Amino acid sequence: MTIAVGRAQERGWFDVLDDWLKRDRFVFIGWSGILLFPCAFLSIGGWFTGTTFVTSWYTHGLASSYLEGANFLTVAVSTPADSLGHSLLLLWGPEAQGDFTRWCQLGGLWNFTTLHGVFGLIGFMLRQFEIARLVGVRPYNAVAFSGPIAVYVSVFLMYPLGQSSWFFAPSWGVTSIFRFLLFAQGFHNLTLNPFHMMGVAGILGGALLCAIHGATVENTLFEDGQDANTFAAFTPTQAEETYSMVTANRFWSQIFGIAFSNKRWLHFFMLFVPVTGLWASAIGLVGIALNMRAYDFVSQEIRAAEDPEFETFYTKNILLNEGLRAWMAPQDQIHENFIFPEEVLPRGNAL
């Protein structure tokens, strides 16, 4: 018998770090966590700081913090001033020159929150890839999460990059998001944009599929327990099915005449519909960033202008958009000092 005697091979720092990052713990860290956790912490922390203390007086002429009297629905971390263009607004940059108070007044926290937020989302997507690899499953969760990332990037980065400055991006707050919705409708007629329509169909369709699927599974659970609560009869490791696909198929065949007969196709469809909708929405936002127009039904507009008795929901909406632009712009872009005389303000066709 031969016995080999020798020292164990020394492990490099990379292997030691790899083992520590992937150690089994309550909250998995992983390599993705190096990006995810700091960026998520700083982005969320920046939002709480801004909504608590920081005014929007110097950028939007608004009160936007709890300190000034706003509430949860009206606080916001506001976009920088229009005059700052697409500056990264670094704390040590030429605008703030290391002055934290000045940096907050200029809107630096919006850049801080948004840019750390996008890298946090990318880190979360990488986390799903990493854990899928370690557990040994396919990475469709990460693929699905590309939808929210695409919308985030298109709304908060691509849209303002296509416009004159970060000022026109949504500020981080509830009512400030509503302001962005009204702005996008008034200036881009977004609801008539086919990509926005596909996005609405995808999100509402996904919600409908989710509700139908959940209800159908609950309807066709096997009677395999004695309790009034059916949840207690299920264990995650059981080999048996917990509901009857055959019965579900029969039910929907009677309702619609057609039904899913393949669970894999059914669940892929539930993935496909909302994610495709989110991708389509992101494409639409890039379009309006470049000021591409939605559908224009010019013949209806010409006839409505000539005939006071002819009006469609389309021409009515065009007038509403004119109103949004005329009355919103002086409030929204106070730095432009817009003054519109009475004769240029929109009026209904019949007046």
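The backbone N, Cα and C atoms fix where each Cβ goes, glycine too.
Sequence annotations record features per position, and here Swiss-Prot assigns transmembrane segment to 39-59 (among others) based on sequence analysis.
Swiss-Prot lists His116 with the feature chlorophyll a ChlzD2 binding site. Contacts of His116 (chlorophyll a ChlzD2 binding site) defined by a Cβ separation under 8 A and a same-chain sequence distance of 6+ are given as Cys39, Ala40, Leu42, Ser43, Gly46, in order along the sequence.
Sequence-distant contacts of the transmembrane segment (123-139), counting only residues of its own chain at least 6 positions beyond either end whose CB sits under 8 Å from a CB of the stretch, comprise 22, 28, 30-37, 39-40, 145-146, 149. What Swiss-Prot records for 123-139 (among others) is transmembrane segment, and it gives sequence analysis as the kind of evidence.
Under the three-state DSSP scheme, Gln128 (pheophytin a binding site) falls in the helix class. Around Gln128 (pheophytin a binding site), the C-beta neighbours below 8 angstroms that are at least 6 residues distant in the chain are Pro139, Asn141, Ala142, Phe145. For Gln128, Asn141, the entry in Swiss-Prot reads pheophytin a binding site.
Sequence-distant neighbours of the transmembrane segment (151-164) (same chain, 6+ residues past either end, Cβ-Cβ under 8 Å): 79, 82, 85-86, 114, 117-118, 121, 170, 180, 278, 281-283, 285-286, 288-291. The annotation transmembrane segment is assigned in Swiss-Prot to 151-164 (among others) on the grounds of sequence analysis.
What Swiss-Prot records for His196 is chlorophyll a PD2 binding site, and it gives sequence analysis as the kind of evidence. All chains included, 24 other C-beta atoms sit within 10 angstroms of the C-beta of His196 (chlorophyll a PD2 binding site).
The transmembrane segment feature in Swiss-Prot is assigned to 206-226 (among others); the stated evidence is sequence analysis.
Per Swiss-Prot, the feature Fe cation binding site maps to His213, His267; the stated evidence is sequence analysis. Reduced to three states, the DSSP call for His267 (Fe cation binding site) is helix. Listed in sequence order, the same-chain residues six or more apart from His267 (Fe cation binding site) with CB atoms under 8 A from its CB number zero; the list is none.
Residues or ranges marked as plastoquinone binding site in Swiss-Prot (evidence: sequence analysis): His213, Phe260. The DSSP secondary structure for Phe260 (plastoquinone binding site) is coil. Sequence-distant contacts of Phe260 (plastoquinone binding site), defined as residues of its own chain at least six apart whose C-beta falls under 8 angstroms from its C-beta, comprise Asn249, Trp252, Leu266, Phe269.
Here Swiss-Prot flags 277-293 (among others) as transmembrane segment. Outside the transmembrane segment (277-293), and at least 6 residues removed from its termini, the chain residues within Cβ reach (under 8 Å) are 146-148, 150-151, 153-155, 158-163, 184, 188-190, 193-196, 198-203, 205-206.
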Taking the Cβ of His213 (Fe cation binding site) as reference, which residues of that chain separated by at least 6 in sequence fall under 8 Å from it? Leu266, Met270
